Amino acid sequence: MAAALLLYLPLLPGLAGAFNLDAENVIGRRGEPGSLFGFSLAMHRQLQPQEKRLLLVGAPREKAFPSQQANRTGGLYSCDITSSDTRCTRVVFDEDTDPKMESKEDQWMGVTVQSQGPGGNVVTCAHRYEKRQYVNTVQETRDIIGRCYVLSQDLTIKDDMDNGVWSFCDGRLRGHEKFGSCQQGVAATFTRDYHYIVFGAPGTYNWKGVVRAEQKNQTFYDLGIFDDGPYEVGDESRQDKNLVPVPANSYLGFSLDSGKGIVSQDEMTFVSGAPRANHSGAVVLLKKEKNQRALSLEHMFEGEGLASSFGYDVAVVDLNSDGWQDIVVGAPQYFDRSGDIGGAVYIYINQRGKWEGIKPIRLNGTADSMFGLAVENVGDINQDGYPDIAVGAPYDGFGKVYIYHGSKNGINTEPAQILDGEKTGTNFFGYSIAGNMDLDKNSYPDIAVGSLSDSVSVFRSRPVISITKSITVQPDKLDLKKKNPEDPSEIWMDVKACFQYTANPRNLNPRIKINYTFEAENERRQLGLPSRVRFKDYLSDQFTASTTLIGQNSKRCVTAKLVLQEKIKDKLRPIPIAVSVNIAGLESGSSSTRKERALPDLIPILNSNESETKITKVEFLKEGCGEDNECHSNLKLQYRFCTREGNEDRFTYLPIENGIPVLVLKDQKDIALEITVTNNPSDARNPQKDGEDAYEAKLIATFPDSLTYSAFREMRGYPEKQLTCGANQNGSQAECELGNPFKRNSNVTFYLILSTTKVNVDTTDLDINLKLETTSTQVNSTAITASAKVVLELLLSLTGVAKPSQVYFGGNIVGESAMKSEDNIGNLIEYEFRVTNLGRPLKTFGTASLDIQWPKEISNGKWLLYLMKIESKGLEKVSCQPQNEINVLHVAESHNSRRKREIAEKQLTDSKTFSLFSERKYKTLDCKVNAQCVDIRCPLKGFDSKASILLRSRLWNSTFLEEFSKMNYLDILVRASISVPAAAKNVKLTNEAAQVRVTVFPAKPVALYTGVPWWIIAVAIFAGVLMLALLVFLLWKCGFFKRSKKDHYDATYHKAEIHAQPSDKERLTSDA
């Protein structure tokens, strides 16, 4: 079949809201337990011998009459709901039994019941009625042929030929292949023209099923018309199963309805469901064949879901009132793979008798609800001109009945009302439904709902009325300069509202008490804004009172005084005044359509298609605006970013790069945004075009997460300063009121001071949304974005120190495997790097890191500095990476490092006494030249102003003995720097790298002094003394020690002094 339009009920909000079926004053009737009282229902109007409006209830498991020679046979009950007697009366018929010919045990009388209409007949059936032959013999046979009874309008069997038993399968060929299991009466109905009675027999022809229509109108006989039927699927004369348009086990005739205007406006069409046809179900449209006694196929609708029982129930109803009957089909066992759908109803909207290619509307029920087990034309229950339908879902909780209203488009797919069995305490509520008749005589059709719990509920329809509302205000325009002459301190308005109602039918004229509510400024109140007016007698902007409407089209008017509040801001937008109504009840003594009523009148309900509220608006006479009383403003905005010097109100514009302001943020706490707003005419040659007063003019500034509002400074304003600014709780938005009104040719310049404390390393831009708003007409009110680029300048310093700065090596060479304690490695060296922040707290920029180039090995891979441990001061617990470079050999820590360092320093001091005579050899060990280094990164978590990283290390003694024993000393360089993640984008880092130098000396000059014999020293001393003696002797021989005359002495002295240069002593000293 064609794909269906879907509607899933649980997705619709507010479906439980009631419309005009009264769910509070439900009329209930109960039957005998276990009787299935309420299995079938029909409303019947008796005209003779007296008028009665009855509810007929089938109870197919009711106990038998004594004369029926059975336990349970089923029965039919008549209920007068207008009576104070809550008991229903059992209809007496089918009392006798011939046990030799039949069995009525469990025949299920009352399985179906239908009324022909006002003054018409009633049909009820027992589809399990058994026809017997050869009782108490071995040839005994039992055929479940079923049969029906037709009763006259007063529920009795007349002697007329059309009353009594109707059993067309009786006397035909037996066996399930023919008519032996035809089960006539599973469904039965009358055509609406009173001409035919229609029976369904789904067990005929191996449960193919047949539909039979027989003439049922006394008028035909009076007119001499005797040859109108009967008509039957398979042909009543030929009884040919091959003419049945569905396969075996289809159950054709399981549900029935009929009507004209289905295929043709003049011809009757019979509609029947076959819920097991082709394993999914089908609905067939049947027509009478001329000159034959056959019903033949006109069209077939096929179910779309396997085992969905499509056609379990059908209803013919003109939903859109276009004169063509539409078709409603129930498929209570439809489901989908998701498991969310439990039953469906298909709505086929008639296209002027054309059914090919029609796409049905599918209404879906909730899971396991059996939605669509019963579908019923319940008439126009709200009297809107479109018939309505009811859908039963007996397994939806306690059971529910969904009411859908017809409309000009076919059907409103949202239920107008849901009746719930839980409220009546009824299980399996909605198994059967009857309607389309007014039981309580208020001109609105009512609904009866049956169940499998031996109970029936009747829901009466409340009259639907439409109340016309009008509201006027004097004066209709407010002049703020014109005060009330009675009280010059106030401005008054007179409000008048009038009401009248209409209803269907036109003769329905109850006296209705209504509650009316005057309400002003509802939208402002919902926004949390104060109202600009109040009602004088109630000191509030709303009040409720009551009045009475005495009948249809009778007008009733009420008045109230409205007072304008003082010092209002909004002087441009109109003041809305609304009046709404609801029905409070009926006044005592209210007349109805009938003078005497056994049931109390129901309170009418307002038409749901009409608004309960009527609104009018009062305009202001506006100053500074054009002759059209409309204000056309021309607000313009300019902005510039500034820095603020300290806490003083001195502002400096930011530098511009590529057209974008650049904010270099060091230690500033605030920045400022200079804003200028003007309201000048856009065209000086046509100043009346715009630039008029801007009422409630304001600027709304929305800041990014990195900025918060701090304050504002108004620098200048023309013609007067009237600026006020305020912010929301977290400072993310500021609102500045420019003036009310911000007059023509006004301008204002002010600064928004913004805190930068939330600016962090991820902040690359500042985008501030600026929007001008006014209640005047502003042609261009688009928001603009003020943008600036952010550069963060970090003022960080880094210093480093090593303790001690000079160490020694010496002793014996020890292998790596022998290192058990750090003392075995070598002397202790502790490095400390101090980081100081001179600018903004670093926490706002994220996490900085200290990067250290650690000289781990010399160029040939031998150990240089062994890193034992890393600690911190002024930080959270430090975790440097890579962790596997710390104490790689897992040697034990030593706690005597201080003493060993002091001994080392003393030995180093002693060893320096020999350096005078050493050859001065030295070397620098540097990561950039001859050392293999590891990059160690230490995050400075929690760092704010000061922090220190301490590295505890050991000089690898054996490496220095092996590689550097001939060196007088060596320098080891360790470098460190600071980095910040994402610094390349917007962070300017001004720190300098730190370099720490440690000098290493050998413990003693091993290669210079080891192995010198003692005798060499003695010979050297003797040679020195001998040479000194020889020198003295030579001087004596030369007369050096004699006294001479002065002139000779002077010459001799000079000569001797010349010969003594250079002296032996000086030469020896030089050689040494």
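Keep in mind that glycine also has a Cβ here, set from the backbone N, Cα and C atoms.
Secondary structure from DSSP puts D318 (Ca(2+) 1 binding site) in coil. Taken from Swiss-Prot, the feature Ca(2+) 1 binding site covers D318, N320, D322, D326.
A 10 Å cutoff on Cβ-Cβ distances gives D446 (Ca(2+) 3 binding site) a total of 26 other Cβ atoms nearby, all chains included. According to DSSP, D446 (Ca(2+) 3 binding site) is assigned to a strand segment. What Swiss-Prot records for D438, D440, N442, Y444, D446 is Ca(2+) 3 binding site, and it gives similarity to another entry as the kind of evidence.
Cβ neighbour count for N71 (N-linked glycosylation site) (all protein chains, 10 Å cutoff from its Cβ): 10. Residues annotated as N-linked glycosylation site in Swiss-Prot, with sequence analysis given as evidence: N71 (among others).
Under the heading N-linked glycosylation site, Swiss-Prot lists N217 (among others), citing sequence analysis as support.
Swiss-Prot lists N278 (among others) with the feature N-linked glycosylation site, giving sequence analysis as the kind of evidence. Listed in sequence order, V246, P247, S250, E302, G303 are the same-chain residues six or more apart from N278 (N-linked glycosylation site) with CB atoms under 8 A from its CB.
A strand conformation is recorded for N364 (N-linked glycosylation site) in the three-state DSSP classification. In the structure as shown, the Cβ atom of N364 (N-linked glycosylation site) sits within 10 Å of 24 other Cβ atoms. Marked as N-linked glycosylation site by Swiss-Prot on the basis of sequence analysis: N364 (among others).
Counting every protein chain shown, 14 other Cβ atoms lie within 10 Å of the Cβ of N515 (N-linked glycosylation site). The N-linked glycosylation site annotation in Swiss-Prot covers N515 (among others).
Non-local contacts of N609 (N-linked glycosylation site) by the CB criterion (under 8 A, 6+ apart in sequence, same chain) comprise D384. Swiss-Prot lists N609 (among others) with the feature N-linked glycosylation site.
Taken from Swiss-Prot, the feature N-linked glycosylation site applies to N730 (among others). Sequence-distant contacts (6 or more apart, same chain, Cβ under 8 Å) of N730 (N-linked glycosylation site) comprise T708.
DSSP gives N747 (N-linked glycosylation site) a strand state. Here Swiss-Prot flags N747 (among others) as N-linked glycosylation site, drawing on sequence analysis.
DSSP assigns N780 (N-linked glycosylation site) to coil in the three-state reduction, outside any helix or strand. Listed in sequence order, the same-chain residues six or more apart from N780 (N-linked glycosylation site) with CB atoms under 8 A from its CB number zero; the list is none. For N780 (among others), the entry in Swiss-Prot reads N-linked glycosylation site, with the evidence type sequence analysis.
Look at Swiss-Prot and you will find N957 (among others) tagged as N-linked glycosylation site. For N957 (N-linked glycosylation site), the count of additional Cβ atoms within 10 Å of its Cβ stands at 22 [all protein chains shown]. Under the DSSP three-state reduction, N957 (N-linked glycosylation site) is assigned to helix.
According to DSSP, the repeat 'FG-GAP 2' (94-160) comprises 0 helix, 27 strand, 40 coil. The repeat 'FG-GAP 2' annotation in Swiss-Prot covers 94-160 and rests on sequence analysis.
Under the heading motif 'GFFKR motif', Swiss-Prot lists 1039-1043.
The topological domain 'Cytoplasmic' annotation in Swiss-Prot covers 1037-1072.
Ranked by Cα separation from N747 (N-linked glycosylation site), the binding-site residues D318, N320, D446 are led by N320.
The sparsest Cβ neighbourhood within 10 Å, among the listed binding-site residues (N320, N442), is found at N320. The two recorded residues, N957 (N-linked glycosylation site) and D446 (Ca(2+) 3 binding site), have Cα atoms 109 Å apart. Listed in sequence order, N350 are the same-chain residues at least 6 apart in sequence whose CB falls under 8 Å from the CB of D322 (Ca(2+) 1 binding site). Ranked by how many other Cβ atoms sit within 10 Å of their Cβ, the binding-site residues D326, D440 place D440 at the bottom.
Taking N71, N364, D438, D440, N442 as the recorded positions under consideration, the smallest Cα distance to D326 (Ca(2+) 1 binding site) is found for N364.
The Cβ of Y444 (Ca(2+) 3 binding site) lies under 8 Å from the Cβ of N20, I381, N382, Q383, D438, R460, S461, R462, P463, V464, each of these being in the same chain and 6 or more residues away along the sequence. N442 (Ca(2+) 3 binding site) sits 23 Å from D318 (Ca(2+) 1 binding site), taking the CA atoms of both as reference points. Other Cβ atoms within 10 Å of the Cβ of N747 (N-linked glycosylation site), summed over all protein chains shown, number 16.
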